[in-house]
Every structure is written in C-alpha cells, then in structure tokens.
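In TrEMBL this protein carries:
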| type | residues | note |
| --- | --- | --- |
| TRANSMEM | 37-60 | transmembrane segment |
| DOMAIN | 38-451 | domain 'Major facilitator superfamily (MFS) profile' |
| TRANSMEM | 132-151 | transmembrane segment |
| TRANSMEM | 192-218 | transmembrane segment |
| TRANSMEM | 224-246 | transmembrane segment |
| TRANSMEM | 267-285 | transmembrane segment |
| TRANSMEM | 305-327 | transmembrane segment |
| TRANSMEM | 334-354 | transmembrane segment |
| TRANSMEM | 360-385 | transmembrane segment |
| TRANSMEM | 397-420 | transmembrane segment |
| TRANSMEM | 426-446 | transmembrane segment |
| REGION | 493-520 | region 'Disordered' |
| COMPBIAS | 510-520 | compositional bias 'Acidic residues' |
Amino acid sequence: MTSEGTSGVAKSAAEKWSERTKQLGTAMQNPQRQRRLILFIVCIALLLDNMLYMVIVPIIPDYLAYLEGDTNPDQDPAGINSSSFSNITSDDKTTTENLDLQIGVLFASKAILQLLVNPLSGTFIDRVGYDIPLFIGLIVMFFSTCIFAFAENYATLFAARSLQGLGSAFADTAGIAMIADTYTEESERSKALGIALAFISFGSLVAPPFGGILYEFVGKRVPFLVLAFISLIDGILLLVFIKPFANRTRENMPVGTPIYKLMIDPYIAVVAGALTVCNIPLAFLEPTIANWMETTMGATKWEMGLTWLPAFFPHILGVFITVKLAAEYPNYQWFYGAIGMVIIGASSCTVPACRNFGELIAPLCGICFGIALVDTALLPTLAFLVDVRHVSVYGSIYAIADISYSVAYALGPIVAGQIVHTHGFVQLNLGMGLVNVLYAPALLFLRNVSQMKPSHSERNVLLEEGHTGLYDAIKLEERNAKKRGFASSAGNTMCGGQNEMDTFKGQSISDEESSGAECS
C-alpha cells in the first residue's frame, strides 16, 4: 500500500510538472512575453558586467597590499636605525607608487581588452546573430570571475580581469544590439534601452558597497563567486528559453554594414564622441576621488565607499525624464544630450569646491544625471541612424558604442592619477568640465536626424519570405497584423513587390516613378 501511494504521488507530481511546463512553453510563444524575457536576460547580463567592473574598487587595493606584504615581509624593528630611516621611507614611497601603478593597470585591463576586441565582436555578432555571442560572453565572464575569486598572485588577477573584458565585449554589445533589434518602434526602443541603462547604473553604483561589505566579513572570494553564480543562472535562462543554438536568426539575413564604414559616418562619429566625452568625468573621478576626499576633507572609509551610491537616484530620474521627453518630443534627442553634457561640465567644475561629504553629493549627482540624459538620448539614436543610413543590423553599431565607453574607462585608471600628480585635482575637473561644455554644440549636427526617412532595406524584403528566428518572428507578426487592416488589389501587390525588389537591388526609384513605370 505504501509503495502504491508513493507511486501515485510521484505520478501526480510528474503530471503537474509536465502540465506547468507546457503552460510555460505556451506562454513563451507570446511575442510580448518573449520580448520581456529578452530584456530581462540582457539587463541581468549588463548588471553583472558593471558590477564586475566596480566590485574590485574596495577590494583590490587592500588585497594587493596584502600580497605585497606576503612577498616582502616587514623588517625587524630592532634592525632599523636612524641612519637607514630615510632609505626605508624612500623604499616605501617607491613601493606605494608601484602599487598604485599595478592597481591602475589592473582596473584598466578589462576596458583595454574590451576596446581591442569590440571591432571583432561587432562583426561576429552581425554574422551569427545576437543570442550566441551573448551566451559566449556570459560563459567567459563566469569562468574568468571564478578564476579571479581564487587568484592568489597579480599575474592571475590580471589574466582573469582581462578575460572579463573579453566576455564583456561579446555580452554587452550583443545584449544592447538584441534590445535594439527586438524593439523596433522608436518609443519602445528608448524605453527598453532606458531600462537597460538603469540596470547598468545600479550595477556600477551598488557594486563597491556590495564588494566592500562581503570582503570585510567573509573574504575576497565570496563577492566574485556570487557574481559568477549570477552569470551562470543568466546563461542557463538564455539557453533554456531563447535557445541560441536552435534559433538560427541570421541564416537568411543580410550582412550588416562593416564597422569601419560605420565609424566614418559623420553622424555616428559625433554620437560616439559624445558618449566618450560624457563618461570621462565618471571614469577619471572613480580612481582619484577617494584619495582627494581623504586628504581634503578627512573623509571616513564609509563615506568614501558610499560616494557614488546617492547618484543612483538622479541617474534613474534622468533616464525616466529622457524617455518621457523622447516619447512626447522625439525630434529633440540631440538637445537632451547637449543639455546633459552641459550639466556634466558644470557639475564637474564644482567638485573641487566641495569641503565636506554632504556638499560633494550634489555635483556627483549632477554628473550622473547628465550621463543619464546623454546615454538615454543617444543610444537609440545610433540604432535609428543604422536604420535610415545603413542596414538594420546592430552588432557593429553597438560595438562602436562600447568602444566609446571603453576608451574612457581604459584611460581613467591610468591617466587620471598622473594628471592629478602633475597638474592637480582642481585642474583635472576643470579640464573635464570644459571638454563637456565645448563638445555639447557638436550635437547640433544631429538636429535633422529625426527627419531622415527609413529606407526599405534588404532586411525588410527578406522578412517577406518568412522567418527563421525569434526576433524576425516578432517583426513579421507585427507587420502582418498591420496588413490585416486593409486589402490590396493584385495590381497594387505586383507594383509593391516590384518596388521592393528595386530597393533590394539598390535602385533609388520613388513611389511615383515606380507607379508610373509599372502600373500605367
């Protein structure tokens, strides 16, 4: 009786599990649910990547000093005499300078490799689609983060940190491109990219206190193992629900515009420059502001650790405001970006005037608010520029965006400290603020972008032939739904088909000319 009861319970549980699995599978066939799931998976990947970048801020300086202490044990105090004191002080200064250089190089190594790999990863994404590179990036980040957790020497830390940059070059670019490809309407795309930027901001600002608290109480390995676990879970979600190796989304799709051609597009170049310039204050202040706070205002460790956390809220506010404004007034994206750069410049110039932690919060919040305006306004603009001036494939264009960010964050940890030592912290901030204010008028070049009309690209023609992947299925269903509202005559259909083929062949025949040539 007991065995029969157990068997019945097991059978009932199996049936319930099977039924729930079928329900979940049916629910995931809904295009809206698919898009939300894609957005969720990408946002987790972006959150993870930015936490990996910033989590080492409170950990690595102390840990490298610990490693330095292990390799160079302290001398016996009894052996130190007054005649050798000056030599020890000089040696200590040299050791400190070497340690600062090691920290700077380790911080920058992720962004440097990301910068070098992005041109290749963008082309690769254009060729194979977005989901496989995203999966590759998550797996690389998982293994590199595990290596970083167990590393016990500088060489291993450097190698693991560089591998994180390799994973980010695939995951970041593929994730943002996947959002742009999935959300084709400009208002929806701006909102989706705004949500992604909110996750990026949260990851960057919450990572230092997250890493510092865990490092203080449970050691160096735990914060990195937690992040590695998140990467693994996100990869499993992608593998189970998106099925990157089953959905061959780009088998029958056109090849995107080569990245070098996108780079020489003047509109894209202006946007890429703005993304680099607006992120310079954040990238250059992160490695220098803690030391300035300690020497200038006697800041405590908890104040230095929480320096950027209050800025998360104005960043979210900036994203929200820009998304709302873009929905109501989409023709002024360039203006929102220009206002953001002016705010960044003004805030950066006021940082050195602060004399306590409370005063410092305001300009830092201003910097993050301005960055939110620029990023939220210009990232969707990149996708729109590709739509109207090139082929609607987004791997290379968002590789350029990632390159723009990487330039700032590769230079920051290495160059910022040297500028502070050579010219001073005040001059660094004034220079960054002036560059942002002077660059803002360049965005006037983008004022007519919204008036450009999307071309009927090769991608749209191929969509008429059917779909082979998730993103194309969504687009095709949306377009078919629009077409159900009216009926076309056979003659009009023939003319429309001819127009599409003309466009596919690269001919610039207007609607009126085509109608006169084929339907008269």
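Backbone N, Cα and C atoms are what each Cβ position is placed from, and that goes for glycine too.
Where the annotation comes from TrEMBL, it is an automatic prediction and has not been curated.
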Residues from the same chain, set at least six apart from the ends of the transmembrane segment (192-218), whose C-beta lies under 8 A from its own: 39, 42-44, 46-59, 62-63, 175-176, 179-180, 182-183, 226, 305-306, 308-309, 311-312, 315-316, 319-320, 322-323, 368, 372, 375-376, 379-380
Ranked first among 132-151, 305-327, 426-446 for CB pairs under 8 angstroms with the transmembrane segment (224-246): 132-151
Interface present between the transmembrane segment (267-285) and the transmembrane segment (397-420) (three or more C-beta pairs under 8 A): yes
Positions on the same chain near the transmembrane segment (305-327), where near means CB under 8 A and six or more residues out: 58, 186-187, 190-191, 194, 197-198, 201-202, 204-206, 208-209, 212, 286, 289-290, 293, 333, 336, 340, 360-361, 364-373, 375-377, 380
Stretch-averaged pLDDT - the domain 'Major facilitator superfamily (MFS) profile' (38-451): 87
Maximum Cβ pairs under 8 Å to the transmembrane segment (426-446) - stretch from the list 37-60, 267-285, 360-385: 267-285
Cβ-Cβ under 8 Å with the transmembrane segment (360-385): same-chain residues at least 6 beyond its ends: 176, 180, 186, 189-190, 193-194, 197, 201, 205, 265, 267-268, 271, 274-275, 278-279, 281-282, 285, 293, 297, 307-308, 310-319, 321-323, 326, 333-334, 336-337, 339-344, 346-348, 350-351, 354, 394, 397-398, 400-401, 436, 446, 449-450
Tertiary contacts of the transmembrane segment (132-151) (same chain, 6+ residues out, Cβ under 8 Å): 41-42, 45, 48-49, 52, 121, 124-125, 157, 159-161, 163-164, 166-175, 178, 220-221, 224-225, 227-228, 231-232, 234-235, 238-239, 244-245, 395
